[in-house]
Amino acid sequence: MAPREKNRELREALEPIAELGGVPSASGGPSHLAALSKTIMTPFGGSRSDSTRILKDLAPVIMTPRMIKGVATASSSSGPKPLAPRAADFAALGRAPMRITLHPRRITSTDMQILEATPELLHAEVPEPQGIAHDVSLIRGFKATIPSAERGKARRRKVRMSEGRAGLLRHGIGERGLLTETSIEEPGKSPRKGKGRAQRRQEREQGHVLGREELARQVGEIRMDKENLHVRKTLVNSEIDEITQKIKALDAIRDQLHQDLLKLQEEELELDDELDGVQEQLAEREAAKPEVPSPAARRKKGPAFLPSEHDDLPPGVAFMTLSHSSPITALDFTEPYGTLVSADREGGVRVWDLLEGEEVGRLRGHKGAVKAIQVEGDVCITGGEDGAVRVWDLRRVEEGEPTEEGVVVNGDVEHQEGEGELPQGPLLHVLEGHSKAVTALCFEDTSLVTGASDKTLRQWDLNTGQCILTMDILWAISHPPISTPITPSLEGLSPSGLLAAASGSFSWPIPSTGEMWTDYVGGVQAWGYALVSGSGDGGVRLWDMRTGQPHRTLLGHTAPVTCVQFDELNILSGSLDKTVRIWDLRMGRTADLITYDGPVTSLQFDSRKVVTCASENGVKIWNRTSRQLSTLSINGHTQPATKLRYIDRYMVSGGADGVVKTWAL
Amino acid sequence: MATDLPYAADAEISLSWDELDVLRQQYNIELEKSHVTVQTKFNYAWGLVKSPQREHQVEGVKLLQEIYRAEPGRRRECLYYLGLGHYKMGNYDDARKFNDLLLQKEPNNLQAASLRELIDRAVSREGYIGMAIAGGAAAVGTILLAGLVRRAMRK
């Protein structure tokens, strides 16, 4: 806008002069001098000071002296400005409504812009006015805010000034409603009428002349002013509301951006992981091992390739439901959209095709419920309440009744198929040795480790079916490893609890449900010779399977440990004390503690997140980057989730409501 | 909502120079702080539209268009002001379009009805003058032609 810029230039040109305190610089031309003298005179000019005063009233905060000067200058300077009245424009006054074809119009680019905009504007929707637009019309606001709205006030002030101090006092009384005095005086006026000018002048000097009409007029004016003020207040209020809304919207956008940033960071981490995995694979290849990485290796590292539709699934929403008849006690699956094996409390073990979402068959054989399941490729191992461990070949699972013929107890025979043995049933081996329920197991290649309520851990050779090692947790409790500082009574369970755990059968009331927790060994994980177990005494133990001795015990949980998992850096253990502890492997200390609302029954983690079931309907996800806890509950379980397992972005969870849900993460 | 609109006659009453200047200052101050309230913008725009100077009117209509774009809630009112602005500028076509759209929404709007009348009158007057000019030109042409013909006939 050319006129505004020109104005500003003019003002800026004047500012140095004004700031120098009225010392005209040599560079200032005569017009500047003239403007300056006007600036200095401005406060004493009648109408001009009016306008600055009004402006001050309109925007008291922003009217710095410099601005007042600017205003005064702008209105007083007679320089050539587009918006200033010019001699030529006075002629326009007369013909304004008479502009006809005889006078060629000056068509400017703004004109063209305006005309071009018309069709677009006409097409815009015109909604019913609401809110402030409904309450205060633009013209009402205009009338309330334009300078002339203040005219009455100025006039009253003048009247009062001339009226004098006494009159003001009287007027003040009159305004408070004590008009009686005046009205009494009024009738008294008529007899005085003939008293002549001198008398009246005297009265005026005494301040008696403020007549009824003037007062009534003032009342009307003040009412009008008040109404105008009300309108302006409404306008300002609505403006404040609007700004509040805008700030809220901006805040929301900023939050969203923060979230996006977090997501990007996570993606970066994910890529780092993927790169590590791929590089490792590459290194393996180059080490001249043509062997294809086993499924177990893939489970730990590298990306699993999901069907392309998986990316289209909304994350955090359960998209499939598989029903059992009673609460889920254990589950595991081979790979996303692969095969799932799940067990319920009534002893049913079902095999599902995750691509179709259909039951493929059942694994029958255990007496009582199955408490631990692991699936790798076609091999499935289950541990049951009956103390037995069964090894299954999932390829042989079929609909219909399998027989138990051809099953070799504690395998005298290799489990190759088609070796003359009857291959009807999926069962390959039954490993017996535990005297109580097998509650945790972990196998890799041919080595299997199981934990059971008889308070022992056993290592098995899957080729021979023989138990090669038995590790007694009770013995470990009474012979703590030397390297561990002996502070069990301070941090771990109370000695009485330990004693109770040591004697006879183990049980612990679950805080939320009141049910008893009887799984002494909550979880085991083995990797190479390293073994980690979490048990009912609240201890997390690191075992060396070459010696069969625990070399470290991590104490901190105040209730039985229900699940453990470790990687190169950390051990994570979940417990009925409603926490997950993240242990630093090198320091042997709790590096972090995640607190939940309910006892933790199952967990799995990777470098970015810790996913847990914590006796809530929703599955909990702790973001290790943002340290935020979120809940997956959309289309989820209707009773607490108990078990979960995920690979890559595909998760399966089982709940007390007897259903298995599959999720996209 | 009881329509609260000024009659077209109001638009012909110009503000005093001081008043318009105050409105402009207020607008510019808010513009520099990059938050212009609708009321301030309208005040300035309406002040400009009321001005007899065409440049002012154009500027005013432009501001009204800005309000119209940015504030859907104010569109109903702005239809009228846009109509009035265009009318003052002499863009009777556009004035009629805006005013008719308003009348379509509020058939009983007195101010809009009166503005329509004014526009109609202005258009017909423009038409008459145009016709008068054309007629005059035709008459002059005829006379010239007749003169030529007569001169030719004489020879």
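Glycine is no exception: its Cβ is also placed from the backbone N, Cα and C atoms.
A TrEMBL annotation is a machine prediction, not a hand-curated record.
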Q. According to TrEMBL, which stretch among A:72-113, A:240-281, A:282-323, A:408-449 corresponds to the feature coiled coil?
A. A:240-281
Q: Flag the pair the repeat 'WD' (A:321-362) / the repeat 'WD' (A:634-665) as in contact if three or more Cβ pairs fall under 8 Å (sequence separation 6 or more).
A: yes
Q.
Quick check on the repeat 'WD' (A:634-665): DSSP residue counts for helix, strand, coil, in that order please.
A. 0 helix, 20 strand, 12 coil
Q. What are the DSSP helix, strand and coil residue counts for the repeat 'WD' (A:531-553)?
A. 0 helix, 15 strand, 8 coil
(Q) For the repeat 'WD' (A:363-395), what's the mean pLDDT in this predicted model? (A) 91
Q. When DSSP states are grouped into helix, strand and coil, how many residues of the repeat 'WD' (A:431-470) land in each?
A. 0 helix, 25 strand, 15 coil
Q) Do you know the DSSP helix, strand and coil residue counts for the repeat 'WD' (A:363-395)? A) 2 helix, 18 strand, 13 coil
